[in-house]
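Student: Handing you this structure, nothing more for now.
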Amino acid sequence: MDRAKFIFVTGGVLSSLGKGISSSSIATLLQHCNYQVSILKIDPYINIDPGTMSPLEHGEVFVTSDGAETDLDIGHYERFLNRNLTRLNNFTTGQIFSSVIENERKGEYLGKTIQIVPHVTDEIKRRIKSAAKGLDFLIVEVGGTVGDMEGMFYLEAIRQLKLELGNEKVINVHVTLIPYIQTTNELKTKPTQHSVQELRRLGVTPQIILARSPKPLDKELKNKIALSCDVEQDSVIVATDTKSIYACPILFLQEGILTPIARRFNLNKLHPKMAAWNTLVEKIIAPKHKVKIGFVGKYLSLKESYKSLIEALIHAGAHLDAQVNIEWLDSENFNEKTDLEGVDAILVPGGFGERGIEGKICAIQRARLEKLPFLGICLGMQLAIVEFCRNVLGLKGANSTEFNQRCEYPVVYLIGDFMDQNHQKQVRTYNSPLGGTMRLGEYECEIMPNSLLEKAYKKPSIKERHRHRYEINPKYRQEWESKGLKVVGFGANHLIEAIELEDHPFFVGVQFHPEFTSRLQSPNPIILDFIKSALSKS
C-alpha cells in the first residue's frame, strides 16, 4: 500500500454520466504504461449487495471469480483491464454498517459511542487501503452524485485520506455534465461550477474536471471551467460521446488526461502502448461483416440487465471483424408465429422467475427445428432440457421445480446440498433466504472430448462462473442422450454443466455464465464460436 497512489472519481449534476467507463478508461491508460492498476467501486445503498435486487431496479448483477455479487461496473473494470477482480473491489454502505455494528458487538471499540466519524469513516478507509495492496494505482469510483445524503461520509473519508497520505498520493477527478441548450445553441458550464462548489464545501477539491458534453468545448469554455473550478487549464478533459465505450481511453489520451496525472504524482511523461487496443476498437466501429442475434429475454425495458452478455457479443464481433446486431425478442410475447426473418442465431440468457418462460421454450424449439445456431445460458440451458423433454421425449409435464414444485417430470430441480468454492457443504431448501444461497463464482467444468465445447475452449477442463440455485436432474439423462441431446460438461459431484444437440449446426447449453469472463482482448471461446456459427448462417 505504501507505493499506491489513489485516484478518486466522483460525479456531479446528475447520475449515469459514465463514472464507471471513465474510471475504467483512466485505469486502462495507466495499465498500458506498465503500472499495476485496479479499481474499487463504492455503492452508497444500504443493501449488503445487489444479489436480491431486481434487474429492472439495479441492472445486471456481476459475479466475480470468488463468488461476490457486485455492481455491473465491476464487469466494466474486468473487461477493460483484462483481469479478474474480487469482492475487495466493491463494497456497499450495507457492508460498512454491518462491519461496524459487528465490531461494536465484539467490543472492539472499547465501549465508545459509535459514530459516523470516526468509526464509519475509518472502516471505509480501511477497505480502500486494503484494496490498494501491491498496486501502483487504485482508482476509486464513488457511486451516486455529489450532494446526495447517502454519499456524505464517503467524501469525508476521502478528505481524511488525502490529509493522511499527502497531496502527492491523491487525485480527485470530478465527472460533470455540460448541458447543451438547443434553442440558444449554447453549452452551459453553470451546473459544473455549482457541483464543484458543493464538492469543495464538503472538503474535497478536484484536480481534474472530466466534462461530459454532447459537443466539443472550445478553448474559451475550457478556460472558463478551469478558472471557476480552480484547476489548471489542461486539467479540463472533455468527454464527448463515442461510437464505442472502448474508444474512451483513446479519447481521454487525445484530450491529455495523463498530463495532469503525471504532474500531480511527480511522474515522467506517460506513454501508453495502445496499438493493439486501437486495432480492436477500429473493428468495432468499422467492421467488414454483420450478423443478427435474436436475444430472447424478459428484462428488455432495462437492457443493462444483460450488460455483460451484450459486451461479450461485441468482443466476439471485434475478433471476427463483425458487427453483432441484436434483435430484442420479448419472451412474454414470443410464439411460433414470431418473425425471425434475418435472424442468424438465437440466444436465451439467464434469468429468474416464471414470467416469459413459455416464450423462451418456444424460441428454443424453433432454433432446434429451424437449425438456427442456439446458445442457452444458465436458465437458457435448463429450458432447453425442458423443451427437449416435452417435445422430443413426449414428457409433457416436464418442468423446473422453480416454476412448479409438483410437476410430473422435474427435469430441473433444487439440489439439497452442494460443495461450494471452499469445498464446504452448503444446504439449501425452497425456504432458504434468497441472498447468498446460490452456487456462486468460479467452478471447474470437465469437458467431453470431440464436443463443440472442447473445440471452442481447446482444453479438457475449464473454470467458469455460476449464479444459480437449480440444477439439471440427471435422472432423465439416458433418455435425452438416446435421442441425440448429449451431456458434454460436468462439474463437481457430477453436476451437469453443458449440453449439445447432435445433427445441428450449433446447439449448445451451458449452466455457467460465459459472459462474465469475456474481455475485449480475449473474448469467451464458446460465445466466439456461437458468433462464428451465426456468421456462417448469415
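Each position is counted from 1, following the chain as shown.
Keep in mind that glycine also has a Cβ here, set from the backbone N, Cα and C atoms.
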Student: GLY351, LEU379, GLY380, MET381, GLN382, ARG469 bind L-glutamine according to Swiss-Prot; which of GLU332, GLU336, GLU402 goes with them?
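Tutor: The candidate from GLU332, GLU336, GLU402 that Swiss-Prot ties to L-glutamine along with GLY351, LEU379, GLY380, MET381, GLN382, ARG469 is GLU402.
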Student: Need a hand: Swiss-Prot gives SER15, ASP148, MET149, GLU150, LYS188, THR189, LYS190, PRO191, THR192, GLN193 for CTP, which of LYS41, LYS222, LYS224 is also on that list?
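Tutor: According to Swiss-Prot, the candidate sharing the CTP site with SER15, ASP148, MET149, GLU150, LYS188, THR189, LYS190, PRO191, THR192, GLN193 is LYS224.
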Student: Which of ASP73, ASP122, ASP136, ASP218 shares the ATP site with SER16, LEU17, GLY18, LYS19, GLY20, ILE21 per Swiss-Prot?
Tutor: ASP73
Student: By a 10 A CB contact count over all chains shown, which of the binding-site residues listed here is most packed: LYS19, LYS190?
Tutor: LYS19
Student: I'd like to confirm something. Which of the recorded positions, ILE21, GLY351, HIS513, has a Cα closest to the Cα of THR192 (CTP binding site)?
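Tutor: The answer is ILE21.
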Student: Taking the Cα atoms as reference points, how far is GLU515 (active site) from LYS188 (CTP binding site) in Å?
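Tutor: So the alpha carbons of GLU515 (active site) and LYS188 (CTP binding site) sit roughly 40 Å from each other.
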Student: Nearest to GLY18 (ATP binding site) by Cα, among GLU141, MET149, LYS190, LYS224 (binding-site residues)?
Tutor: GLU141
Student: Between C-alpha atoms, which of these binding-site residues comes nearest to LYS224 (CTP binding site): LEU17, ILE21, GLU141, GLY351, GLN382?
Tutor: LEU17
